[in-house]
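Down below is the structure, laid out as structure tokens.
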């Protein structure tokens, strides 16, 4: 620590050891307030809050904290050294937070100087020297070989900071790398051997990785002139192949360490599988070969695709294994350091391709084959690869993302990840050369301007922006047609055919065989030609932005397809027109195939030629293997043949299923389409044909308005109005049929999968005897030489019971720890682990409950005399026989064990002997009196209870036992046994005590020490339960969640699943959880913080979960557990957090995997050693137990890794925000609680480069260690990774390098896991095993979920049921038979190696990949993956529970689906799937949302059609026409679509799944309750959410991630908040529909019955009501008067506030209004035009209504309409004058302004008087005018918003804004008025509360008391439990 430079101070000390006060005066700049963290240890602050630019001093400060308790003076000197070092690093304090930190540290040093100065006895260097020497000798010298590597790592960290002399420093320098903190493998530890390093597979893997024989030593060109430095660089050694690669290519040290462990673990796990552990000394050749195949399958495919040679070369005579590991290691190092480039798999292939060539050149040659340059086997620095390869590519990504303009720019304006990756799908990528040429086109950005002073400007090209690659994401609805053209063609042609057939005179379907009809049907080929032309045109137009990146052959393909389509669109109509003159019949047409072909028309030949490609496609469809081979072939001849059929793309080739799968989903869709077409024909089309014919021929002359086309024939407008909604329903109702068929198929498939066979505790009880054998059959590995047993085997094996009891009991204990069950229920559910003490199987007491009391009653009341009859009666109940035998033997053993006197024992033996003999000789009833049994039972119960009490005085306790025991013996011998006195007499005789009567002295010698034996007490507890528990077992446990878990687990054991492998043979796996800033663990303040109603989270949860709260109170108040007050407070925080959607809940659930693995290791260990008598590791000696635990933990570490990617953990650590600090501390506590938990985060530091401070980013992995986190790996990144793509996928991507294993499970932050489900994980992983499904293995395993948030409210219940149906029956059908399941963000398990070599587990491009998870499924499928779904295992998941939360979630998903519609993935899947699989894909992804939009659009088309008919007068003419008698049929046909607006169909899959898993009676009851709770209102409302956000996204964009929040939302949302959220998506549309319905009713009521109107429009009114009032119906306290008053006040304040810069949208209407138009600011011209065209519909109201006014006197000239506009403009002008007057004259010219207003008022009265008196204006005209002019004003407003920039330039924008404000006031008033009226009535609020919280009511929740804030005074407080 001493300095060698500078002079000394006055006291002889060097400057850095001078007192701090002098330094303080010299360096302090300004006073700074430090962050106050009252709840944290202050000593930890300085080491954990170091500014990022001073990160190097953090270890010094941490060491100071560690040694402070031992030597405060040395700790002070360490801090001083840290301060000095900080000053050297940043002397000007320019870094962020540096000045504040220095000031804080100075103040701290001043205080410590005063305290520690008296302790100083030597100079500072001497003090440190002495302390260091003592520390080294005590801890390091004596610690080697004794302390763990983890302890040694910490000691060496301290020693490294402390050392001062060269004698020790050299040894420290030499050894410190051996003691660095490690992740899983302490590879270079010299301390005590760890169990994992002793595993033979690890040793072998290390040996293989460390094989560096024959590797040349790298050469370096040193820039240093120092000979010593040059020598050290040249002499750099390497210990393994990864270090050699790092020296050659310049990989980072952290990356090398990370991938070294990764590769070793991977090799060990793959190699040990199914291998004998004896003579285990080398890797199997197949191990490395298998890894090579998996890692380089994509690379080899890429090479074949580009027709270039693979550089995975193995020259003759080489060490193939070593070279293979070099290639694998090289790929891992590239991938581990690639950062964002990991999303570009073919870019990684390109990098590997060139670097593998370099490796081969270094090892086997020394010159490049082309240039002749020599290979340089040495990199210029540790970060050379990052600097020279990754960073340039990252910079390209970064510049492209800037074009995105935060998601506001069009996708076509910038290149995303896919565009840049697809650059490497073309041979042109080799123009980049190697080393990469940074002047190549790939790296040059069009916005780039050369700013380097010495660089010539002409060196950088400045052209137009770079073209997209292969695809352009255009924002248009035409993408739906372009991607799914075959489906639309099928629907259009089918509709055309059905209309033609229905139009025939007979209308029969068989009319198609008539000559004329068939000829007309042939016109579908003309329609097909035009649809093909549309498709080809869209391909050309929408892909035009990518043409510059395409090959000529691809452009030629587009043009040729367009030309051919255009040709057919011309040829077919021409030839058809010719065929009309030569008509041909059906017979003549078919005879042409025989020999009359010359007589046929040209049209028939044209058709034959036209359909020829389709016939060939059908043939290939029937033979999928051939098509698959041809599509995947890279042979030039095959590529040429397939040129027309498929585009030249690397992905999406050969996605064809095998024959049986093809048959299944084809059958599904054929049945569905037949049903759909039959329904459409007979219900939708045929009933309309006859009325249409009549209307077609009907003349109409009496128009009620000015008709622009009065001479038009056939009433085209009427027919369009009638057929429009029907056609839309026709295109939409396939979605309905899909819901029906998927429900039926899913239900049948689920039943065959044994789902729901055990769904109640009664069913569990009846089948529990089969559960142990099923458990051992399915969940334990089969010992060698043993045959697999059947799950329903009647025989009960003791070994099965023993193995099962271990797992079952652990399951029960975890439920007790989770407070799902009480202590008593736990005891009733436990299975004794050993049956050695009794002769029968010991079942859990909950199965035997009440069996003993019933048996006693049966025996007491038994009237027969034969033993066999009684025993037969007892044995008729399966468990009663076991209970009786066990109770008898247990009583015998308990009493016998207590006795010490031999004569007493003899009496007990005699009694038992008599019982046994009497039973054998069938004289039990004659020898024993059954009437005495109840008395004996009572005494026995008393006896057992005494045995279990905690006693203080031995004598009293002993006397109690003796008295009761004597009573028991007396009852047995006197009251029960007929000859019991003989036994006592015999005992007297045998004891030799005949003369003296010692009866009173019997049973006085008791072994009290036995009562303290744990296993004996367990036996007594069990016996007491058997004797005393009388209630039925069906009620145990009480908790519904505990019941569900038990029944599901038992049921899953009888489902089909792979056999369980041994732990060593199972696949290794990781779990990855992305975390941002969600709740980790609730603080005490959060628990007790009251809301506006005075309710706390704790109080609420106590009412929601009363049973669990009671169990918790019992647990924490148990004296045996001995919780302190601090522990109780922590337990309370955990109890609440484990019931929310918190990170702590997720982590606890995932760590069950490790617990399960350790138990499985134990079971296998005991099975191997054949010690099945008890299975208690505690019974073995301590050394053996420790060795076993170490071995189990080692295997668990080998197989399981859990990484939580806490993206901003580093920022939270440094933050001054209390919530961030709380999150940091809670995450740290999780790491300390779970030592195997790993946390990855993105560290942001400030570092000085070339004299400038700049931000540097790192991926860092941490683990918990000794109260703090310890850094394991640190990998520098090329820049901020989250700046490039979407947050969540980027967060996952940076952390995925720290995961391990062959499988990876993705777990979201709102998920949970269960111990019993964790036990099945190794079974699930076997689904990946080769050979289970032939040659094709899954790449993603889908798992089902349980939604655990369903009990909070009715909304939460609706969402829970909806989500449950999707994750069960929905995905069941998607996976089988449809084969279109993808990844939906659920707990799916990825084939990790497959996905990390193909772009990762999600996609991350901004906006387009908003729904990042599903793109992982798309990518996997396009690249040949296979996704399955499995329901024998489940994970928990939380869902949104409040109305607004749910709407945010639905909006986010709808936005995501809108973006998917534009994506290349959907386009390629839609085009490359076969027809039926494409249908499955469409209707289960974007098609569902488009169908939702069509459903809403149908209502609009129907009502606007009705509006046209009623305002024009055509409807009246038609209905009153004498020729139309089918009006009823007409209206019924029109009303057919109305059923589709209801939310019932959303409930279908729910009902099926509930029926399947809980019983159809329960399903029916739930369905009725859901309807009573207005579930249909909720689902109809969400239909509007989906339609709005899906449509807006495609039209204008504006997608963004919407944080939904995951708290307990049962609180009141203000009216203004609801208005802001739903105004545009629901309220505006709802009010528009109200006006439509009112106008339709008013102007058609004179000639139409009201019942007909209600019949037609019922569903519309239902939809309107749902859209307008659902947010308030489902808003807690939505109709409470005081809340309503407050809401109105808040809304008025919000409406009146002015906006401006910095004013948030929830404070001002103007700010919100501007935000609502954000999408229009950035939309394209097409979007603006479309918005204006849509707004023109509102002008129809004014045009139609003004002609119906009385003042118009039935004048239908255009003048009337023109006058109406004059009136409207006059009104607007007057309002504008008033508004301007108020602003300009309202203050200074108040009197003039009042006079002006008075004159305007008088003028208004005069005009109205004239209109009423002279012109005939009526009151009804005024009301009608409101209906006419309000929509027109809204149209003006919408057009003004679309033309914002134009109107701003003209100065009209303020007028538009005021008009908008007026409309918002009107809409708000219209919506608020009904709410205010209903709030007057108290019963409405009470009814609403019951409606919202009925589920909670059924479980004892008094929610009305909660919402009123009336806390129950008797409820336990927070601390007094």
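Glycine is no exception: its Cβ is also placed from the backbone N, Cα and C atoms.
Worth saying up front: this structure is predicted, and the values here are computed from it rather than measured.
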Expected hit for transmembrane segment in TrEMBL across 558-576, 577-595, 634-652 is 558-576
Among 1729-1746, 1891-1908, where does TrEMBL put the label transmembrane segment? 1729-1746
Which is it, of 432-454, 455-477, 524-546, 685-707, that TrEMBL names as transmembrane segment? 524-546
What counts of helix, strand and coil residues does DSSP assign across the domain '1,3-beta-glucan synthase component FKS1-like' (322-437)? 80 helix, 2 strand, 34 coil
Are there residues at least 6 beyond the ends of the transmembrane segment (1652-1674) whose Cβ is under 8 Å from a Cβ of it, and what are they? 1354-1355, 1443-1444, 1499, 1502-1503, 1531, 1534-1535, 1538-1542, 1574, 1576-1578, 1580-1581, 1583-1584, 1613, 1615, 1618, 1621-1622, 1626-1627, 1629-1631, 1633-1634, 1637, 1640-1641, 1644-1645, 1871, 1874-1875, 1888, 1891-1892
Ranking 736-755, 1481-1503, 1729-1746, 1799-1819 by the number of C-beta pairs under 8 Å to the transmembrane segment (1825-1843), which range is first? 1729-1746
Recorded stretches the transmembrane segment (602-623) and the transmembrane segment (1729-1746) touching, at least 3 CB pairs under 8 Å: no
Below 8 angstroms Cβ to Cβ, which residues of this chain, lying six or more residues outside the transmembrane segment (524-546), approach it? 412, 467-472, 474, 476, 478-479, 481-482, 485, 488-489, 492-493, 496-497, 558-559, 561-562, 564-566, 568-569, 572-573, 576, 607, 610-611
